[in-house]
Amino acid sequence: MSSSPSPFGQNEWLVEEMYRKFREDPSSVDPSWHEFLVDYNPEPTTDSSASENGQQTRTAAPKAPPEPAPAPAPKTPDSKTPDSKSQAPKQDSKPQESKPQAKAKPAESKSSTKPADAKSEKSGKSGTNGAAKPAAQPADDSDQNQVLRGAAAAVAKNMSASLDVPTATSVRAIPAKLMIDNRVVINNHLKRTRGGKISFTHLIGYAIVAAVKKFPNMNRHFAEVDGKPNAVTPAHTNLGLAIDLQGKDGNRQLVVAAIKKADTMRFGQFIAAYEDIVRRARDGKLTAEDFSGVTISLTNPGTIGTVHSVPRLMRGQGAIIGVGAMEYPAEFQGASEERIADLGIGKLITLTSTYDHRIIQGAESGDFLRTVHQLLLSDDFFDEIFRELGIPYEPVRWRTDNPDSIEDKNARVIELIAAYRNRGHLMADIDPLRLDSNRFRSHPDLDVLTHGLTLWDLDREFKVNGFAGAERKKLRDVLAVLRDAYCRHIGVEYTHILEPEQQQWLQERIEGKHEKPTVAQQKYILSRLNAAEAFETFLQTKYVGQKRFSLEGAETVIPAMDAVIDQCAEHALDEVVIGMPHRGRLNVLANIVGKPYSQIFSEFEGNLNPSQAHGSGDVKYHLGSSGTYLQMFGDNDITVSLTANPSHLEAVDPVMEGLVRAKQDLLDKGDTEDGYTVVPLMLHGDAAFAGQGVVAETLNLALLRGYRTGGTIHLIVNNQIGFTTSPAAAKSSEYCTDVAKMIGAPIFHVNGDDPEAAVWVSRLAVDFRQKFKKDVVIDLLCYRRRGHNEGDDPSMTQPSMYDVIDTKRGVRKSYTEALIGRGDISMKEAEDALRDYQGQLEQVFNEVRELEKHEIEPSESVEADQQIPAKLATAVDKSLLARIGDAHLAVPEGFTVHPRVKPVLEKRREMAYEGKVDWAFAELLALGTMISEGKLVRLSGQDTRRGTFTQRHSVVIDRKTGKEFTPLQLLATDSDGNPTGGKFLVYDSPLSEFAAVGFEYGYSVGNPDAMVLWEAQFGDFINGAQSIIDEFISSGEAKWGQLSDVVLLLPHGHEGQGPDHTSGRIERFLQLWAEGSMTIALPSTPANYFHLLRRHSLDGIQRPLIVFTPKSMLRNKAAVSDIRDFTEQKFRSVLEEPTYTDGDGDRNKVTRILLTSGKIYYELVARKNKESRDDVAIVRIEQLAPLPKRRLAETLDKYPNVEEKFWVQEEPANQGAWPTFGLTLPEMLPDHFTGIKRISRRAMSAPSSGSSKVHAVEQQEILDEAFAP
């Protein structure tokens, strides 16, 4: 037969105690024990020695002797002793199997020194007859005997049994410093994240399990099988933990519970199993299974200060490992901390390996301890642990102390501080997905080893020159500040900023102590997350498959935006204007701007807003809105508006900036501490921020005098993917935000799974903006729960990423668990808040569903919404023209006008009185009259102040001092010196079209009463702003009801300067024109240009004006206007030759009409006059769109004998006005234009020839054909 020890070892006493309780009251024992205890047959708790083969023999309780006497010691049975059943006393006729032996009392040793039991004597059960005599009281100095029962008896029995195990013990002292320092890192991380702690025993226990894999013999135990010695090798390592428990009676008890299959566990699993065993032991919830099968034990007497112990080894185990106290060597225990740190003395911990010498040899035990030693000092061991716990930083490394002087190391510490300030963000834990979980966030510059420092320097003090408010600090404390400031859930880039004051301001706040949000603030953050997630979940459930470009995975955006706006309200600012792409837009509209849910749900139902009945309208995730934000923890409020945007990513950026600048100029608080009270809050996508050039163009405007808005808060929703493009394919830089360094903006990279960090950064960003009036960038790293849209499957292109995302808990859940874990809120409070919000959505949804459904009809044109007045007077008094002329010579005293500019100014005064007004002065006259009428006029563009063609000189520069004089600004006061309210703002723009045009469009939206003009250097370059033209200027009114009256001045004309200095692309604007969306004009006289601008200023409608302006005509002496053309006329959309309107020309002689526009008119007139062609009349169409049908028909009707009509243009056949006019003229006026023919250059892919000689030949051919017989 085989022999084996009890499976419970030293835990057998506990099993018997459980059995006793079970017999008395089964409900008092955990149900997990019931199955085991039903047929449990315990041994009596008498002492017995082991047999020679190690098997303990069961012995019956002896009968009590007839007279009081010490109980004889039981005889040790030999191998032939009958089993306990044959030796049981026959005091009960019932079968012994039905009554467990544990209920029978074992015989007790009687002693004269033990007082008699009063209860026993009274009942007559003392063993004597008659009255009981009082027992004599023992003397104070007499010995007392106490029968060991229960646990104590079991321990005694087990200890006696352990004497049969021949043991030996190996001892090894192990440096504990690395464990200490890495445990600090681990527990600090856990404290900041999910909570919990790692103990030294966790680390040592895991190292023991790892070492057993290398030395499996340490896991074996000895047993005799069929009388033969055997070494039993268990299938797994079951690590027994010695757990000290305090009973209800105050006595301490020791149990050993097993972590089963510990060898198959990773560190995280091991810790979970370890904590589960300890927790259940303390709660009395251990089961029989937990006590059985221990193969190797770990005991830690060091917790009570024991340095070195040799524990007893129980049968069934091969070894027990003892852990001693963690102490400095005895000879240094009286030394000061400073002395110990200077000497590089670390604490030691003593491990003992007590093993069964029958199957384990001393060398093997020694090697085993050496392996544990090596593991606890190895890089790989702690790397594994850090990865398992999700700690993104490298562990502390075991290295030899560097003997360099403290002075040398002081300099290295200063270098280390600088390195963290510069590159700490590279080590920050900012990626919520941690896609490369095996890679630590590290950089050589941030490694203490790189700086010649080691773990031995951690407790040494160094001079830190005021760092964190101290002159001297321990390196450990320095690193704590640096890592908390730069390497947690916020990574900061600010050392690229050139201004020391700004760096210092940020540094103080980043490295300073951060106040934890109050419980009320945490609950508010949670409510914002609830709202963000519930809104998306609701739409996903109710409108399955509909595109909405959800915010799921980036819900922290909502509390972050909320914090920005709240902080702006705290600063008592006037408004926050939001610009953003389509992702998350509906969520922002609902939870930030406050757009009614009913309106959003109606759009999902397909119900059109009555205000958008005209025009094309747009998809719901492009629309804008406005509302009022009320502070949750303050008394202020602030206006919040969201600008409409197209799907062209980042195209809205300059538009929003222009809109904000317009609002600021209306408030007119200036560039002061109290100025810039309208705050731009711009949301971006990561791929777009790095990829779209307009981002850099818009950033470049940030600090320019004519464009600055006092700082934009940029919030990048960094979902680490662009549709299907990975970051590696989307940018060449480390971060998508690197482009923002060009303007010295501080950049904060924030882990989107930490809403408290996002809120802290958002508030800091507003404070920085208010202090320094500069942009701030917040890079919120998150993820996209679904595909680019709700119908997309992103796992086709990013399978690994979406494997992580599909199993990832949302930020609301993780944040809720953190609050509950800290006891800030209860689970019920969290769920109630979420259900309340969901209930609100459900109620509104049901109301919308019940609304009457209207039949969808085709939308109507927006053209009828704004009609140009037919008889608008634009003429001005001659005295006003004279005043504008005088202003050009009213230079300040001592001002030196450039000698080439002075004649221009003098000529202008002359023109104001005598006429022959040229184009440039006619423009200034128009603007000057507007300023005198109280209009704000803003003119900008490349080289605009002087003019590309040296024609404007709107600002005169002092030749000696560089000071400026702006003549038209004098019109801001009337002749009596009273302010008119007008302003003239003229700026040279940066070399940009996209951002510059977008800015001016936005400005015109933000200030509808302003006259906003942008001039291209050459009209050809307007295609750099094509997205703004297509998405905003031509269609903003139709799509969003967004009104603008921006003016684009585009120099245009074929003059032999090549393909890129010829055309403003008339054909493109005419193709885009519809529904009266723009006014497109090509005026040919200075006076008509004057009236065109004034009409646009006075007509009361808000639509863009596109003017194709001249180049060579600027100095054409024929292209001038008389004073009466300004004082008596108005804009004329169709012009005849002066010979027919002001002279004696005979219309009856005309048989051929040449219709044209622009400067070629002057070439046609010159040719006609040269050839005296009275049969040819030239009619100019000055307004190309809307086409002046009535005026054109009236003009043509004046020529009764016309036989042929030609459209003459210098542009190629496929460009200019002809592609539109060739179709629309015969359709609109069939009686007048059926059969009209074209005279032009041939169709060309480029606007013109690159050769001036070829140009001249082509131009001559046009004229020849126009006047051919």
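We number each residue from 1, going along the chain as drawn.
Placement of Cβ uses the backbone N, Cα and C atoms for every residue, glycine included.
Summarising the annotation, Swiss-Prot assigns 2-oxoglutarate binding site to H622, S647, H1061. When Cβ atoms from all protein chains are considered, those within 10 Å of H1061 (2-oxoglutarate binding site) total 19, not counting its own.
Sequence annotations record features per position, and here Swiss-Prot assigns Mg(2+) binding site to D686, N719, I721. I721 (Mg(2+) binding site) falls outside any helix or strand according to DSSP and counts as coil. There are 22 other CB atoms within 10 A of the CB of I721 (Mg(2+) binding site), with all protein chains counted.
Residues or ranges marked as coiled coil in Swiss-Prot: 824-855.
Among the features that Swiss-Prot reports, compositional bias 'Basic and acidic residues' is placed at 23-37.
The annotation compositional bias 'Polar residues' is assigned in Swiss-Prot to 43-58.
Annotation source Swiss-Prot lists compositional bias 'Pro residues' at 63-75.
Among the features that Swiss-Prot reports, region '2-oxoglutarate dehydrogenase E1, N-terminal part' is placed at 1-41.
Taken from Swiss-Prot, the feature region 'Disordered' applies to 23-145.
Neighbouring residues of the recorded Mg(2+) site, listed in sequence order and excluding D686, N719, I721, comprise G685, A687, V717, N718, Q720, G722, P727, C782, Y783, R784 (Cβ within 8 Å of the Cβ centroid). The local packing around N719 (Mg(2+) binding site), expressed as other Cβ atoms within 10 Å of its Cβ over all shown chains, amounts to 25.
Across the structure, D686 (Mg(2+) binding site) and H1061 (2-oxoglutarate binding site) place their CA atoms 36 angstrom apart. Sorted by the number of other CB atoms within 10 A, the binding-site residues S647, D686 start with S647, the lowest. Between the CA atoms of H1061 (2-oxoglutarate binding site) and I721 (Mg(2+) binding site) there is a gap of 40 Å.
Under DSSP, H1061 (2-oxoglutarate binding site) is assigned to coil, being neither helix nor strand in the three-state scheme. Here the Cα atom of N719 (Mg(2+) binding site) is found 18 Å from that of S647 (2-oxoglutarate binding site). Averaged over the coiled coil (824-855), the predicted model has a pLDDT of 73. For the pair formed by I721 (Mg(2+) binding site) and S647 (2-oxoglutarate binding site), distance between Cα atoms is given as 17 Å, rounded to the nearest Å. For the recorded site, D686 (Mg(2+) binding site), the DSSP three-state label reads helix.
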